[in-house]
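In TrEMBL this protein carries:
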type	residues	note
BINDING	GLN28, LYS64, LYS66, ASP319	Ca(2+) binding site
COMPBIAS	209-253	compositional bias 'Basic and acidic residues'
COMPBIAS	343-368	compositional bias 'Basic and acidic residues'
COMPBIAS	371-397	compositional bias 'Acidic residues'
DISULFID	CYS107-CYS139	disulfide bond
REGION	203-259	region 'Disordered'
REGION	334-404	region 'Disordered'
SIGNAL	1-21	signal peptide
Amino acid sequence: MQIITLFQLVSASILALAANAEVYFKEQFLDGDAWKSRWVNSEHKSDYGQFKLTAGNFYGDAEKDKGLQSSQDARFYATSGRFEPFSNEGKPLVIQFTVKHEQKIDCGGGYVKVFPADLNQADMHGDSQYYVMFGPDICGYSTKKVHVIFNYKGKNHLIKKEIKCKDDELTHLYTLILNPDQTYEVKIDNEKVESGSLEEDWDFLPPKKIKDPEAKKPEDWDDRAKIDDETDTKPEDWDKPENIPDPDAKKPDDWDEDMDGEWEPAMIPNPEYKCLHIKPLRGAFLPLSNSVHCEKHSRHQHVSVSVLSLQVKSGTIFDNFLITDDVKEAEDFGNETWGATKGPEKKMKEEQDEKKRKEEEEKNKEQSTEAGDEEEEEEDEGEEEETEEPPEEGDDDALPKDEL
Ligand SMILES: *[C@@H]1O[C@H](CO)[C@@H](O)[C@H](O)[C@H]1NC(C)=O
């Protein structure tokens, strides 16, 4: 199976900004190779793929748009960084980053994970327990969504709403805001795409009613919901048909038996038709306990976050990580980074696409002017190109699930 998984942790010290914003973590990869000293590759597997620092094939700014790109196909990636543990008690928590699938991703995740502080970075892997997983996940045409998963009491809980993610090749900004009043907001490209309450949009709590484990099915219980009423007898006039010919129907004057076939009146429901009587029995056996499981829970308090991780297929670039307690600061940062380069990036991409299109056109023109035996060659070329494409979507079905 050709799967790429990448776990990336981010390292930083707490940078106190102006105002009251606290930035727990910020990584823009603006200092050359220095990121290598801030990131720890996991050795959980011996064949994890390598990350490289690059702005990719097209970008808005050759330096500022440099980020971590997964560089080898069909590999898992596992690297991480660390930042000081913090608590988000009584404050918002904002997790934000940019992701660009410039390889036309057909299956793979572009999400980050925030881990507890005691994570062993050198041994990080897909099953390492995390607090929050957030980001886009694409697989084929059916899966194009933003994951928001919380680990609560050892279990991972997925958001119940479907949030559509971006699936083009450009850079996009993903933001998750968790508020102290237990509400949340998800933004893409600095625009709200979903919001609500944690209580309603995740199944953190056990259901209010559960099956009573003590309940036993009575021995004389009959599973049939309905039975024939034995006391019911067939009425004398039972054999009336359900439908009868409409007594009011008349053969139209212009009816032509040769052309239209034999005329028959339309059928109508028979007023004398009788239904079989069915006597209802008691309902199916469904043991319900009355004990209400209601539990007070406090999430996202004293969360010491230390690590981010992501999962990608080769070619995805991650950049502009920010973890802060300030929603406005995150929006500003998004505007300054993604907001400033998205325009020029799109322009460069469009120019490249246009150039490619023209070259294709030239090539096709040349080929069509040459002899007919060239056609075969053309086909071969097509096949070659296909093998360079990312693997078929079916192969990668397990990728996101594997991560969950
Ligand atoms: C970010 O940019 C958007 C669009 O230009 C603007 O509406 C918004 O006010 C900006 N946010 C901040 C915090 O400056």
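Placement of Cβ uses the backbone N, Cα and C atoms for every residue, glycine included.
Automatic, uncurated: that is what TrEMBL annotation is.
Straight-line distance linking the Cα atoms of ASP319 (Ca(2+) binding site) and CYS107 (disulfide bond), rounded to a whole number, equals 20 Å. Residues of the same chain lying 6 or more positions beyond the ends of the compositional bias 'Basic and acidic residues' (343-368) and with a Cβ under 8 Å from any Cβ of it are 57-61, 65, 169-171, 374, 378. Comparing the disulfide-bonded residues CYS107, CYS139 on other C-beta atoms within 10 angstroms of each C-beta gives the minimum for CYS139. A straight line from the CA of GLN28 (Ca(2+) binding site) to the CA of CYS139 (disulfide bond) spans 28 Å. Counted within 10 Å of its Cβ, the other Cβ atoms near GLN28 (Ca(2+) binding site) come to 18, all protein chains included. Distance from the CA of LYS66 (Ca(2+) binding site) to the CA of CYS107 (disulfide bond) is 23 Å. Reduced to three states, the DSSP call for GLN28 (Ca(2+) binding site) is coil.
The Ca(2+) site is defined by GLN28, LYS64, LYS66, ASP319, and by the 8 Å test on Cβ atoms against their centroid, the other residues of the chain that qualify are PHE29, LEU30, ALA55, ASP61, GLU63, ASP65, GLY67, ASN320, THR337.
Fewest other C-beta atoms within 10 angstroms, among the binding-site residues LYS64, LYS66, are seen around LYS64.
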